[in-house]
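Q: Take this structure, written in structure tokens, and hold onto it; I'll ask about it next.
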Amino acid sequence: MAADSQHFWGPDYDALKAVDPEIAQVVDDELTRLRGGLQLIASENLTSPAVLAALGSTLSNKYAEGYPGRRYYGGCEVVDQAELIGVERAKKLFGAEHANLQPHSGANANLAVYAAFCQPGDKVLAMSLPHGGHLTHGAKVSFSGKWFEPVPYTVREDDGLIDYDQVRDLALEHRPKMIVAGATAYPRLIDFEKFRAIADEVGAILWVDAAHFIGLVAGQAIPSPVPHADVVTFTTHKVLRGPRGGMLVSRAEHAKALDKAVFPFLQGGPLMHAVAAKATALAEAATPDYQAYARQVIANAQALTSALETQGMRAISGGTDTHLALLDLQPLGVTGKEAEARSGLAGITLNKNAIPYDPQPPMTASGIRVGSPSITTQGMTEAEMGDVARLIATAVTADESTDVGQKTLGEVREEVGTLVSRFPAYAR
Ligand code: DSN
């Protein structure tokens, strides 16, 4: 129990260790991994102790099917407050008319959007997955591609940018029920006004999946999709730095349909500890400190991208406006799969990623995706990005099947350890 509050009964590591030493060891090992390496997965972050405290609280116990004041269980008067506070914070932070904090994940928030606006078989225009879209934007292996009719748009081969003329042409040809803007590996700003105009021209719903960049919007570092979209879905654990989970904000006219789609259509009881932790993250995101963080995330991503280009990688779209970069490794003669594995051996966590028009299958991929949210939370700035890029480039080109490669990876790992020790994650 925390020493400074007689009421808080939260994360108690000693209890975990006594009851379940095996899982305590896993928790310990993960902290060691986080602290000991460079975390460059663009969709991850290091959430704050305050968010973790809300997440590890007794709110986890409460069943609260329904919405505040309209629950299917007694005893919800306290957890109601967490949800009401969180909804108000989301509406204020994003200038939205409606918010729902209950989606358990980004994919669930997205499924709620389909449920609210579409019928099975309806056409949905969205970015193709190999060009940077998301599974839930119409991939054949997901409900979105099985139950709906995806119409994919692509990015241009020459500059890696969305071709808004192509989006409009496809919209006019197919008259989709819904148009999706948003991606998981698109480094540039998206022109939401253009998407709105196209949606209006064909009478489509405009849904923005802002999972990747909503934290930058919250921090006022990039333009917001909220004034333009019918609905904006997102996850809460990426740049936004909250707990794992999903959320949506929308125009008031869609509130009822979306709320009914989240519950009771696709979820049962909300995870009230997660709802409370989302509310805490929203409070943190409304501060000047967080706004400075969001600006630094972009500055670091831009500096890192330039430095990786200097190391011989090709940045798709020639750079980034956001927290992530997509790098083509073909000029180095390395695949994404090799790069991910070699980086891992050197204490650098990143992911292989298909690049647009990739000649390799997705599990091999020609590229890597890197992001700056975690290293920026640790306090790194542009001053460190040259070293980070050099370490990545040295690692991805070291052939681990040779003695020389093994030695190089060991040296990089050591240098990574020295670098991160200056910016400790979860420092005491
Ligand atoms: N899996 C997430 C990402 O890494 O981008 C998207 O859901």
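Cβ atoms here come from the backbone N, Cα and C positions, even for glycine.
Got these off TrEMBL a minute ago, pasting:
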DOMAIN    16-392  domain 'Serine hydroxymethyltransferase-like'
BINDING   Leu129, Gly133, His134, Leu135, Glu253  (6S)-5,6,7,8-tetrahydrofolate binding site
SITE      His237  site 'Plays an important role in substrate specificity'
MOD_RES   Lys238  N6-(pyridoxal phosphate)lysine
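A description of the local structural setting of each listed feature is requested, covering burial, neighbours and distances.
A: Long-range C-beta contacts of Leu129 ((6S)-5,6,7,8-tetrahydrofolate binding site), restricted to its own chain and to partners at least six residues apart, with a cutoff below 8 Å, comprise Leu135, His137, Gly138, Ala139, Pro152.
DSSP gives His237 (site 'Plays an important role in substrate specificity') a coil state; it is part of no helix or strand.
A 10 Å cutoff on Cβ-Cβ distances gives Lys238 (N6-(pyridoxal phosphate)lysine) a total of 27 other Cβ atoms nearby, all chains included.
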Q: Let me check the 10 A CB neighbour count of Glu253 ((6S)-5,6,7,8-tetrahydrofolate binding site). How many other CB atoms are there?
A: 10
Q: Averaged across the domain 'Serine hydroxymethyltransferase-like' (16-392), what pLDDT does the model get? Just tell me the whole number, please.
A: 98
Q: Using a 10 Å cut-off, grab the number of neighbouring Cβ atoms around the Cβ of His134 ((6S)-5,6,7,8-tetrahydrofolate binding site), all chains included.
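A: Other Cβ atoms within 10 Å of His134 ((6S)-5,6,7,8-tetrahydrofolate binding site): 23.
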Q: Using a 10 Å cut-off, grab the number of neighbouring Cβ atoms around the Cβ of Gly133 ((6S)-5,6,7,8-tetrahydrofolate binding site), all chains included.
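A: There are 26 such Cβ atoms around Gly133 ((6S)-5,6,7,8-tetrahydrofolate binding site).
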Q: Could you check which of the binding-site residues (Gly133, His134, Glu253) sits closest to His237 (site 'Plays an important role in substrate specificity'), going Cα to Cα?
A: His134
Q: What is the interatomic distance between the Cα atoms of Lys238 (N6-(pyridoxal phosphate)lysine) and His134 ((6S)-5,6,7,8-tetrahydrofolate binding site), given in whole Å?
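A: Just about 15 Å between their Cα atoms.
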Q: Looking only at Leu135, His237, which of these recorded positions has the biggest number of Cβ atoms within 10 Å around its Cβ?
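A: Per the Cβ count within 10 Å, the most buried is His237.
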